[in-house]
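What follows is a single structure, written as structure tokens, with notes after it.
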Amino acid sequence: MLRKGSEMQKKDKEVLLDLDYEGSIKSYGSLQNGSFSAPKSFLDASGDMVDRDSIQIQSKDDINLQMGNFFRDGRTKIDFVLVWETSSQESRQEKERTTNEEGEASTNVELNRPEPKKTRPVQWREKFARNLESAGLLTEKEETTNESRTIHFLKLNVPWEVMVFYAEELSFRAPLQAQPYLDFNYSAHLLRRLCIPNIMLEPVPNRPLDYYTCAFRKSKMENFLGSHDRENFFTNTQRHRVAYEILTRTVYGKRKNAQVGVDRLLNEGVYTAAFPLHEGYYKLPTYGVHPEELNRRQILYQYWARWRNWHKYQPLDHIREYFGEKIAFYFAWLGFYTTWLLPAALVGTLVFVSGLISMNTDTAAKEICNSGGTYLMCPLCNTCKAWNMSDICTMAKIGYLFDHAGTVFFSIFMSFWAISFLEYWKRKMVTLAHHWDCMEFHEEEERPRPEFAAMATMMEPNPVTGVKEPYFPKRTQLSRMLTGSMVIIIMLCVVMIFLVTVVMCRGIITVMMFHTRNHLLQIEAGTIANILSSIVNLCLILLMGRIYTALAEQLTKWEMHRTQTQYENAFIFKVFIFQFVNFYSSPFYVAFFKGRFVGYPNNYGTLFGMRNEDCGPGGCLIELAQQLFIIMVGKQFINNVQEFVIPKVRVWLQKRGVYKVIGAKETVEIHRWEEDYQLVKSEGLFEEYLEMVLQFGFITIFVAACPLAPLFALLNNWVEIRLDAHKFVCEYQRPVAERAQNIGVWLNILEILSHMSVTANAFLIAFTADFLPRLLYKYKFDNELHGYMNFTLAYAPLNYTDYPLCRYKDFRDNNGKYTLFYWELLAIRLGFIIAFEHVVFFVLRAIEWVIPDVPESLEVKIKRERYLAKQALAENHEVLFQGVTAATLGTSGPGQPQILAM
């Protein structure tokens, strides 16, 4: 959204219709009822508040000088910086060639001698710079050099006339009228109504003002607020977008060869970096400073990126103002998701605690522990010995923690939670989209990707613009996509091979434990094997994930997708499909397949000569809980360590290389562009979204096995927000602000996962948990479950001579046939799945009907904004109407009625 400068804020606020929203405005500490109210305290370098009387405030010119975001004249803003490196010898030769170019050119003409040939990168850079100047940009060059290397910086500025032209072409929004802040924070509103202190609320200075806006029109310039303040009418992020737009359109070689745009120059190595500048240092100065005088980067660091803010609301408006809507939507979604994890974590913890309290009251566990040698169990492997049921007393009690009535309730709760979360997020998303003026945003006609332009074999007219662009035959692209799909299938088969390998590894470890003479190892053989195999599985998952992501990137490039959006969607689809199978295949196996194909004595099922796995003593849910804990929590821990360490190492390596040229930090003044060049390029949001979406799948699809999963996710997300915020504010070069209406294709993936979670939880409760068998036994035999354990154990067939009359867990008769109870239970299980899914999806439709995507208060604001836009963009209807009236009066004859202007 367009905004005006700080000098115009007081004047513009005088046009407010109503500013009686004192609480909301005061909460940001700067404005109340249209006037500035200076706080009584200030921030020192450590972020602590000190009295304002002891502080000397800097002038605006001093702050601008320290920020270093200007040309040498101190007035012209730097909107973008291009960087390239050369050897010092090449730099001297280039300077000499430039200095003598005119004289040598005339001499070469007189002597008929060819000019010295420049290298291709030099030619492209020079032509690119000339074309940028022809496009209207102002340029200024800086150099930093030592004996061996020179770093060149080309600073770019977009003048007013160019900004006005592109603002209309790119459909920027312009402010018509300031308005009170709408309270989008429902939790703060609820706590305020309940008179509960809100520790999450913290005043953040310089909150961006909110406006009624409309599409920018040059012809209606006088109708927009602050339009006469040319220096501050456009925001810095808008200036960056226009500069980047020009950079991506500018030709550097031959247009017919698609030699266009800075992105391709970066890929070719002609430039080493291209970025907009951060707005000064992120650390507070050593002297005290007024909070209102902090630059935007310092505000984000002080009130968002620091670890002490882990329990505070995120300043989303500030994030959007500094980084753009696309990044702001990611942090808005992550914060919203983390907030919704609070009730899920609370309920899950209560369910787990209730299981702990009632663990010793479980009748089935008591029967196991008190059975002694009553139940002689059949051997678990071909070379193992029989064992007593009472040996697994401890595991039976622990298994109750993950398989009791509370976990069933929690599964149902999380199914409703998942679909409700997405419905309320859609509502929040629409509210933010309108608040950030991107509700009616549509992607412009995208240009071809630089890689596509470089590798395309043909040139064809664009059907929309008519301009010739690189073209790749659709038939060839389709064949490549089919080939890529086959590669994906092959990689998925590799994942399944690894899964079978892990299963066999678990079986081998179990047999090895049984053959030891240690009684404890024999009892806990299944648990030890499951934990060790889960750790091995996690390592294979992470390894395969890295390999496939690199492979998917190359496959997606090879498929020759024309636009960046098509490329990103194809890449996201490939990686998510693979990572879904990669991460969830093992939990799916344990939850739905393990123990289903075991068979019975004398008729055991086998795989590669090994007996099929059966569930451990505590049941399959406890094994699933172990896998979830190791895979989900282990992955989160490793990712957080990587996110904390890797950016710092990369920044250190980058600074080390730059310091060799610019000198020691303590002795040389470092300019803003040099400081930002030492940072690393932003890697985008793909990995961040992927990590959170996979986590969402873990806590919704398999939550029946681990009620504490939402708690672990909540703790991880508190860390994740600060890590990501610190990276973007302190360690990444400032990315170009991108507009967006939502979180893109990730919303569709989340909806698929939420619907899958309903089905998965229904099957977990019906087939994996012991809830329905116990319920049916209560109904048919004993309400207190007395004798239930004996009822679930079948006798070995009479022809089994190794251990006659040994027991195994199944509903079979002495001949190995299923009993009537089994078929009754199967019917109940299938009926439960159908009823569960229908109830949940019916409630989902009811929620969609009851909760509109657009809140009523927002509808009023939209109507008001459309009315103001209509008034601002309409032609001068009064003058037009008067002209029509005068013409009518002039042509009307005697006795004819005259039209009067009302």
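The backbone N, Cα and C atoms fix where each Cβ goes, and this holds for glycine too.
In TrEMBL, annotation is done automatically, which means it is predicted and not curated.
The following features are taken from TrEMBL:
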- 70-316: domain 'Anoctamin dimerisation' (DOMAIN)
- 89-120: region 'Disordered' (REGION)
- 91-100: compositional bias 'Basic and acidic residues' (COMPBIAS)
- 319-865: domain 'Anoctamin transmembrane' (DOMAIN)
- 327-353: transmembrane segment (TRANSMEM)
- 405-425: transmembrane segment (TRANSMEM)
- 482-509: transmembrane segment (TRANSMEM)
- 529-551: transmembrane segment (TRANSMEM)
- 571-592: transmembrane segment (TRANSMEM)
- 692-715: transmembrane segment (TRANSMEM)
- 743-767: transmembrane segment (TRANSMEM)
- 820-844: transmembrane segment (TRANSMEM)
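Long-range Cβ contacts of the transmembrane segment (529-551) within its own chain (Cβ-Cβ under 8 Å, at least 6 residues beyond either end) map to 487, 491, 494-495, 498-499, 502-503, 505-507, 509-510, 513, 575, 578-579, 582-583, 586, 616, 623, 626-627, 630-631, 634-635, 638. At the 8 Å Cβ cutoff, the transmembrane segment (743-767) and the transmembrane segment (482-509) share fewer than 3 close pairs (sequence separation 6 or more) and do not count as touching. The transmembrane segment (405-425) shares more Cβ pairs under 8 Å with 692-715 than with any other stretch in the list 482-509, 571-592, 692-715, 820-844. Mean per-residue pLDDT, taken over the domain 'Anoctamin dimerisation' (70-316), amounts to 83.
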